[in-house]
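*Asks:* Quick paste of what TrEMBL says about this protein:
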- A:70-282: domain 'ABC transmembrane type-1' (DOMAIN)
- A:12-31: transmembrane segment (TRANSMEM)
- A:74-95: transmembrane segment (TRANSMEM)
- A:107-127: transmembrane segment (TRANSMEM)
- A:155-180: transmembrane segment (TRANSMEM)
- A:201-226: transmembrane segment (TRANSMEM)
- A:265-286: transmembrane segment (TRANSMEM)
Amino acid sequence: MPRAVFPNRILPYALLAPQVAITLVFFYWPASQALYQSTLRQDPFGLKTRFVGLENFEAVLSDPSYLNAIETTLIFSLATAALAMALALLFASAAEKVIAGKGLYRTLMIWPYAVAPAVAGLLWLFMFNPTMGTFAYILRRSGIPWDPLLDGNQAMLLVIFAAAWKQISYNFLFFVAAMQSIPRSLIEAAAIDGARSTKRFWTIVFPLIAPTTFFLLVVNTVYAFFDTFGIIDAVTAGGPAKATETLVYKVYNDGFVNLDLGGSAAQSVILMAIVIALTAIQFRYVERKVHYG
Amino acid sequence: MAGIELKDVRKVYAGGVEAVKGVSLDVQDGHFVVLVGPSGCGKSTLLRMVAGLESITSGTIAIGGRTVNELEPAERDIAMVFQNYALYPHMTVRRNLEYGLRNRRIPSDEITRRVNEAAAILEIAPLLDRKPGQLSGGQRQRVAMGRAIVREPAAFLFDEPLSNLDAKLRVQMRAEIRSLQRRLGTTSLYVTHDQLEAMTLADQLVVLSAGHIEQAGSPMEIYERPATLFVATFIGSPAMNLLPIEPETASQLAGSSAVRDSLSVGTTIGIRPEHMRLVGDEGIQDDEIAADLVVTGVELVGAESYVYGVFGAQKAEIAVRVPGYRHFDGGTPIRAAAGATSLHRFDSKTGLRLDSPV
C-alpha cells in the first residue's frame, strides 16, 4: 500500500476520530460495561449490588436451559444462513437469465430488505398463524397438522424461514453484483470449452464469486446470531416451551424480563466470545480456499 | 480439419438494428481468412455467430460441411481466442489448458500429452503452474493460444487477439500466429480492425463495411485492385489519394494529354502515395500526369517521408511518398507526378471500380 503523507501530525488522527468515536461509544463502552456487570449480582429491586467473580458464568454454564439455547442457536443460525445464502444464490443466477424486466425483477427482490425485522416477523406470523393465517389454512387443508404455537419444530421452521426471507435480499444484491463483475467472455470461453450451464456455474462462476460468498458467510452468521431478535420476538417470543429461544433472545429475556442483570451480562460476554471465535475460524480456514481476482 | 461456409448470413438485433446484412463467404480448409473493417462493421458479430455465441437471424453457417445453426458452441468443434484472452483467473495455466479437454472426457494421459505438446510449441512450459494473474500480456496471449491448440479443433476463431498488446509484441505475436497456423494447417477465421495486421496474416482478406462484404480476395489482389472507394481508402497506409474529377480538374493538371482527356467528370481517380513522385529538374514523362500542390506538412517515418499537400481549387489532399527525409515549409509549391498505369478509377456516385482501359 502506498504511504500516505499528511501535512501535519493531527490531521490523520482527526480523520480517524469519527470512526474511532463510534466504535468506542457503541462497542467498547457497552462491551466493557457487560464485562463488568457479568461479575456483579443484584437483588431484583436493584438496591444492592455485590461482586461475585465468575459465579454468574458458573451458573449460566450449568443451566440446562442455557445449553438448550446454545443448541437452538446453532440449528437456527446454520439453517438461516444456509437457506438465505442458497436461495439468494439461486435467485441471483436466475436474474442473469431474465431477458425482459430485469430491472423490475431485481427491484422486487430487494424490497424485503427495507422491511423492519419486527414487521417481517408479523407478516410471517399472520400468514402462518393457526387461527387466521392463510397459509396455515392451506397447510391444514392439505393434511399437515400445522400449529407452530404448540409444535416447537414447526415454530423453529417458521422463524428460520422468516429470518432467511429477510436476509435473502441483502445476499441477492451482493451475489448479483459479484456475478456481473465476471467478464462475459469467461462464460463464453467456458461454453466453447464444452461446459454446460450447471458445470459452468460450479467450475467458473462459483469460484469467482467466492470472495463475496465468504463475506456473506461472515455477515449472515452475525445476522443469524444477533439481528434476528426482532423476528423471533414478534413471531414466537422464544416459545413454545423455549423451542425457539436463541442465545441473544435469552440474554434479553433473562436481563430485561427476569431482571437477572448479572446473569444476562455473563451470557452476552459468552455470546460475544462465540461470535469472535466463529469469525476467526472462518477467516482462518474458509478464507484460504478463496481466490481474490 | 474443415472449411467454413456462410450462406447469406444475417443478424438483426431485437431493436431492429441490422448488424450483418447477408454475408456469404467460403473459407477453404486450412486457409487463414481475415475479416477486416472499421469498428461497427459487423465483423465481430459475424465471428461470434460462427462460434455460436450469437444467434443467426437467417442464412446458414456450416463447419466441415455440417450445418451448425442450431448447435451449441461446444458442439461446433471450434476454439476461440478472445481479445481479453478470457483465461480462468482461479485456475493455473495447466488447468486452463486442460479445462476444455476434461469437459470432453478425454483420457488423462492424452490430456497430459496434448498440454505438454502445446506448452512446448508455445514455450510456456515453465508457466504451467502459475495463475494468469502472474503472467505478462504476451504470456497470457500464448496461454490463450495454447487453450485453442490443445483442443485440436476443426477451426480457430480469433477475435482481435493482439489489440491488447504493445506495438512491438503485437508484431512478434503476429508472426508467431502466422507460423503456428501454417504448421498446424488449421482453418482460421481472424477478426481485426488493423489493416496492416490483416494484410500480413491473411491468405484471404475479407473487407467488411456496414454489415456487408466490400471485397474478398488475396491481400495483394485487394491492395492492387480495390473494388470500391471504401476498400481503396481502408487498405493501405497512408490511405490512397482520391481526386474527384470536376469539369475544370483536367485543365488544372499537367502532363500527358491523352491521360487527362480520359478523365471523365463524375469519376474519382485514386493514386497510392508510393506511386507518386516529386517532379524535379528532369520534368514529366510522356505517360505521366502531374499536379501542382501546396505543402501542408511532412511526416518522417524513417526510411521514407510522406509529403502532404492540397491540390487546386477543390483542396483535394494528396500524400506523396519520398525516399529518405525531405523538408518543405508549409505553403511551398511543389509538383507531384504519377504514371498512367498506377491510376485507379471509381464511379464517384456508386463508389465502384471502373475498369475501362486508359
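Please read every residue number as a count from 1 along the shown chain.
Using N, Cα and C of the backbone, Cβ positions are placed for all residues, glycine too.
Automatic prediction, not curation, is the source of TrEMBL annotations.
Show me how these features fit into the shown structure, please.
*Replies:* Packing against the transmembrane segment (A:12-31) from elsewhere in the chain are residues 4, 6, 272: each is 6 or more residues past its ends and has a CB under 8 Å from a CB in it.
Residues 73, 76-78, 80-81, 84-85, 88-89, 93, 163, 167, 170-171, 174-175, 177-179, 182, 186-187, 190, 195, 246-248, 271, 274-275, 278-279, 282-283, 286-287, 289-293 of the same chain, all 6+ positions outside the transmembrane segment (A:201-226), place their C-beta atoms under 8 angstroms from a C-beta of that stretch.
Long-range contacts of the transmembrane segment (A:265-286) within the same chain, counting only residues at least 6 positions beyond its ends with a Cβ under 8 Å from a Cβ of the stretch, are 31, 33-38, 40, 56-57, 59-61, 66, 214, 217-218, 221-222, 225-226, 247-248, 250-251, 254-255.
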*Asks:* Six or more residues out from either end of the transmembrane segment (A:74-95), which same-chain residues have a Cβ under 8 Å from its Cβ atoms?
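*Replies:* The answer is 102, 105-106, 109, 156, 159-161, 163-165, 167-172, 174-176, 179, 201, 205, 213, 216-217, 220-221, 223-225, 228, 244, 246.
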*Asks:* So which residues does the transmembrane segment (A:107-127) touch in its own chain, when a touch means Cβ under 8 Å and the partner is 6 or more beyond its ends?
*Replies:* 91, 95, 133-136, 158, 161-162, 165-166, 168-170, 172-173, 227-235
